[in-house]
Amino acid sequence: MPGLSLVTVGVSLVLADPAQLLPAREQMAFTLGFHIILVPFGVAFTFLMLIANARGIRQNDESALLLARRWSQVAAVLFAVGAVSGTMLSFELGLLWPRMMGTYGPAFGIPFAVEGLFFFLEAIFVAIYVYGWRRMRPWPHFWTGVPVVLSGVGGTLSVVAANAWMNRPGGFTMRDGKIVQVRPLEVIFNGAFWYEAIHMLLAAYMVAGFVVAGVYAAGMLRGRRDRYHRLGLAIPLTVAALATPLQIFVGDVAAREVYRNEPAKFATIEAHPTTGTHVPEVLGGYYANGEVHGGLKVPSGASLLSGYSPSTRIQGLDAMPAEVRPPDRLVTIVHLSFDVMVGIGSALLALSAWYALAWWRRRDLPRSRWFLRATTISGVLAVVALEAGWVVTEVGRQPWTVVGHLLTRDAVATSGNLWLFFAATVALYAAVGAATVYVLRLLRRRWRDQGGATETDVPYGPPRASESTPAAGKA
Amino acid sequence: MSTFAAVVLFIGVTAYAVLGGADYGAGFWDLTAGAARRGQAPRHLIDHTLAPVWEANHVWLIFCLVMLWTGFPSAFAAIMTTLYIPLGLTALGIVVRGSGFAFRKVVVKTDQQRATGAAFATSSVITPFFLGTVVGGIASGRVPADGHGNPVTSWVNPTSLLGGVLAVGVCAFVAAVFLTAEARTYADAGLERWFRRRAQATAVATGAVALAGIAILHADAGRLFYGLTGRGLPLVLISAACGLASIALLHRAAPRLLQALAVTAAGTVVVGWGVAQYPYLLGTHLRIDEAAAPDATLASLTLVAAAALLLVVPAMALLFVLHQRGRLDTA
């Protein structure tokens, strides 16, 4: 396509941003921010559900089976909303960023094609699992859930591969503004792939774990301390508590990788104005006029963390040419988001340690009500950390869409009034979001009123008279 | 290589048109099923039939989008920068429909079911209409190779409107045949008659639209008319024959046969469009090989398609078989 060559990057910088840039960015941020909350429930919540399911069958544990079955109903609702909000994103890639897709589709699209496969498998087996409770035998039914978890992992890795490629693009050759050669494996396994993908996967497990544990912790605070609630807290919290220390480690590795390979983003994260050594780690504060104001400075902290030595040299924002340097406001957003993510991660690590300690000592949950209170809010905190981390990677990449190749202002659509589309989308998502919350609360109330297992709830129930399926063991 | 990728893309388009289309059509019958009490039985059957399969069927759309933007990126950008109005409305419609359907399964109060059901059903009619106008715009050559075509006339034109109406009609027809067959497996004679009458009515209506469409295409989209009456003619005839046969046999034939006939009737129309348009991706100005991505990308897509054949097709067959044998409980 004409007008897309990289030469235009230099030319268009002197022109004003297209009118579509702001609404397009707002809409992408909004819809992705909405969708990413649902991702952990498709990817990791299903894993929690299978743990409960396996425990239920193996130990003849009715509470565990009931949890698994109810969780699968929640997963069905969230998966549907996630599927359509993910479809919206696919459309938006074309509607909002046609100049990105038109030029870089041959490389950027490959991981998405792989993701499509996983999405297919996930959608198929979610349906079989969710609707298979009553009329399938226990273990075969359990196994139909396994592809859901596996394709959740595969799908996450594929989508994040595409995102990682935008941060560290590779595996393609351009001529006259067109991709003429592609090396698919280099595209998928790009420089940022492993640390970004594992970071997101663990984040999904943490969010699902802490959110679900939080729901049952809230119930226990209100005095519902039966086995059903304790199990509903213990299964997800155990998974989240295992994922959290791993996540801190992977996050640390990722930060050093960003330091080494994405120096511009690292300078933005650290809000670090001038290249030099003995760079302090600044917690909090805001960035304006070439320096950080406020915040807590740890002397040489950033240098120590990135290179294990105070004399580690860190590139500053000044190393970027002025025309691709992020504005001050943006630096502040990324810097604070990073602090929020790391701060919450540390708090969740403390909560995980508390839980682990109690379990190690007494094989039981900590007795303190403060533990339940902390667990209750841990879910919200985990979601905030997830969003903050996403802001770091997406906003921290600006002004680039494909780092070093395509500026966001050159990727955006240039026709149509995108504010209208954005307004309609916000209105619709507000309704869908509210309805999702309403429906989940409705399920909770219904289950609370039912108390324990009821006729319709008991999984693997006796087959109907007309069916020849052998009875599937007592649930 | 590029032709092969285009065929894979078109298999996706056909699969979505037939499988996704049947789900949209079910929404059409949900919308027109009448007041809460009267419409309860057909809505219940629709709900039961759709619940386990609609998401898997929906993924074909993602498959098409990904195949298009990866394999034929310039055509994707051209379509998106021209037909952004109907495509934006399609995206919003898909969100309304999927979430509306999922919510309706959970809520129990009548007014809430009505609200969520109306969201699901209305968007099930609007969305295929817009997709039909998109197809009309592409098929009649109104998307320039460099994109940025007229944002209004590219989809508000005779061929697009024909495409939109035909899409809604075909979806409703396929769904009515499927639901007739479904009602028969439940030995519900009343419901079977309910859907059979509607299948017959939509067959007549859609057939009439298709006949009128011949004149519209002749006047508005010469090349498409030429392709459909030339190289694509056998497919058009097969489609008509299958449509007629499914109506004639609606009383007697086995449900599976009816479903196969309806699927063939709908699928051959879509394939006919593809055959008529070959070797062009957009109108008569962008050939498939001109729009294609580099070979290594096409090879990757081929690999993905092969994997889909090995993994997705058997999995989907398993889902359909389990559903048909009543192993999936949607209550």
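A Cβ is built for glycine as well, from the same backbone N, Cα and C atoms used for every other residue.
Panel annotation: around the transmembrane segment (B:75-96), residues 58, 61, 65, 68-69, 119-120, 122-123, 126-127, 130-131, 133-134, 137-138, 142-152, 154-155, 281-282, 286, 291 of the same chain, lying at least six beyond its termini, place a Cβ under 8 Å from a Cβ of the stretch. Annotated transmembrane segment per TrEMBL: B:75-96 (among others), in sequence order.
A Cβ distance under 8 Å defines the sequence-distant neighbours of the transmembrane segment (B:117-139), meaning residues of its chain 6+ beyond its ends; these are 21, 23-28, 30-31, 43, 79, 82-83, 86-87, 89-90, 93-94, 96-97, 99-101, 103-104, 149, 154-157, 159-168, 171, 221, 224, 273, 276-277, 282-283. Annotation comment: TrEMBL describes B:117-139 (among others) as transmembrane segment.
Summarising the annotation, TrEMBL assigns transmembrane segment to B:159-181 (among others).
TrEMBL lists B:201-219 (among others) with the feature transmembrane segment.
Residues or ranges marked as transmembrane segment by TrEMBL: B:231-250 (among others). Listed by sequence, the residues of this chain that lie at least six past the ends of the transmembrane segment (B:231-250) yet keep a Cβ under 8 A from its Cβ atoms are 173, 177, 180, 196, 199-200, 203, 206-207, 210, 257-258, 261-262, 264-266, 268-269, 271-273, 275-276, 278.
Here TrEMBL flags B:257-276 (among others) as transmembrane segment. If you look at the transmembrane segment (B:257-276), the same-chain residues 6 or more away from its ends with a CB under 8 A from one of its CBs are 10, 13-14, 17-18, 21, 135, 139, 166, 170, 173-174, 177-178, 180-181, 223-224, 226-228, 230-232, 235-236, 238-240, 242-243, 245-246, 249-250.
Sequence annotations record features per position, and here TrEMBL assigns transmembrane segment to B:296-322 (among others).
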- Item | Beyond the flanks of the transmembrane segment (B:201-219) by at least 6 residues, Cβ under 8 Å | 158-159, 162, 165-166, 169-170, 172-173, 176, 225, 228, 240, 243-244, 246-247
